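**Student:** Per TrEMBL, disulfide bond is recorded for C32-C111, C65-C70, C117-C314, C197-C225. Feature annotation from TrEMBL assigns active site, proton acceptor to H63. Annotation source TrEMBL lists Ca(2+) 1 binding site at D64, V67, G69, D71, S73, E85. As annotated by TrEMBL, substrate binding site applies to P159. Summarising the annotation, TrEMBL assigns heme b binding site to H190.
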Amino acid sequence: MASFKAIIPLVLCFMVVSVSAQLSSTFYDTTCPNVSSIVHGVVQNALQSDDRAGAKLIRLHFHDCFVDGCDGSVLLEDQDGIVSELGAPGNQGITGFNIVNDIKTAVENVCPGVVSCADILALASRDAVTLASGQGWTVQLGRRDGTTANLEGARNRLPSPFENLTQLQGKFRDVGLDDTTDLVALSGAHTFGRSRCMFFSGRLNTSNPDPTLDSTYADQLRQECQAGGNTFVNLDPTTPNTFDGNYFTNLQNNRGLLTSDQVLFSTANAPTIRIVDSFAGSQSEFFSAFAQSMINMGNLGPVTGTSGQIRSNCRRLN
């Protein structure tokens, strides 16, 4: 893994150290010692009735952190003084709010006014992975909830399923993440969950087929998408509800569902290719890299100290 680590500028190193010092895995040890088990229980229960629950939670956390840091802003609905980020194209169809609400209610019943919605997203994302047979990580805690939303930021900063590698790398760099290892590792979250056909239908054009899409797989997708663009298709056709390394094998076989998936492997001479190959050959290496990249992402711009608030309702300001 060491060979894939980018040389990070000293300024960024100091920033990461500073942020890490503000967050702590023991933050709630005295104020809400059972928070991790409470969150785990609600996520586990949600998965019993919705096999997409885990993917929904990780998407919420990802989309939160990419816009002004991990401050719970993605959860806010329109209200006085707030124009929700949910109007951005990148947040089209984003769901899972009911699960977050259930977690918040369960936590508030035991520890009222203590645990932030931003921290709930971080904990729930870890549980989403472990409950789908993935590897966990130590979640750093102590974020507070922001009091603003940034619709324009959501429009401009969220990665799109239609983007090429250069565009994706730019967006990762812009938020302070590595544009190779973090990009490939976090893209591996597409090892479970689903996508609407509208987000990849352009690749299925029979008169101008995408050369990076396996033809047999393309035929299969055309069949699955016959009902229209809102039809859901598994992101990983082999093990759709398991967190594993098959996503990367799929890329090697030109079976990445979205353009933004396949470009990681099919872009000529891209530095991401060797990482895809490495993760395809070693699931444990992918798991370790994913865990570290989730920690890196979780460290982006947290609201800490006396700033922000602890929302009693994740969808609204206090």
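Each Cβ is built from the backbone N, Cα and C atoms, and glycine gets one as well.
All TrEMBL annotations are machine predictions without curation.
I'd like these features described in context: how deep, what's nearby, how far apart.
**Tutor:** Reduced to three states, the DSSP call for C111 (disulfide bond) is coil. The Cβ neighbour count for C111 (disulfide bond), using a 10 Å radius over every protein chain in view, is 17.
Over all protein chains present, the Cβ of H63 (active site, proton acceptor) has 23 other Cβ atoms lying within 10 Å.
Cβ neighbour count for S73 (Ca(2+) 1 binding site): 27 (other Cβ atoms within 10 Å of its Cβ, all protein chains included).
Every protein chain considered, the tally of other Cβ atoms within 10 Å of the Cβ of C65 (disulfide bond) stands at 27.
C314 (disulfide bond) carries neither a helix nor a strand DSSP state and counts as coil. Using a 10 Å radius centred on the Cβ of C314 (disulfide bond) and all shown protein chains, the other Cβ atoms total 22.
P159 (substrate binding site) falls within neither a helix nor a strand when secondary structure is assigned with DSSP, and so counts as coil.
Following the DSSP three-state reduction, the secondary structure of H190 (heme b binding site) is helix. Proximity of H190 (heme b binding site) to non-local residues of its own chain (separation of 6 or more, Cβ distance below 8 Å) is seen for L235, D236, Y247, L257, L258, D261, given in sequence order.
C225 (disulfide bond) is surrounded by 19 other CB atoms, counting those within 10 A of its CB over all protein chains shown. Under DSSP, C225 (disulfide bond) is assigned to coil, being neither helix nor strand in the three-state scheme.
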**Student:** Report, in whole Å, the straight Cα-to-Cα distance of E85 (Ca(2+) 1 binding site) from C70 (disulfide bond).
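**Tutor:** Roughly 13 Å, rounded to the nearest whole number.
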**Student:** If you measure from the Cα of C117 (disulfide bond), which of the binding-site residues G69, S73, E85 is the nearest?
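**Tutor:** Going through G69, S73, E85 one by one, the closest to C117 (disulfide bond) is S73.
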**Student:** To test your reading of the Ca(2+) 1 site: which residues beyond D64, V67, G69, D71, S73, E85, same chain only, put their Cβ within 8 Å of the Cβ centroid of those residues?
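**Tutor:** So the additional residues around the site are H63, C65, F66, D68, C70, G72, V74, G146, A149, N150, G153, A154.
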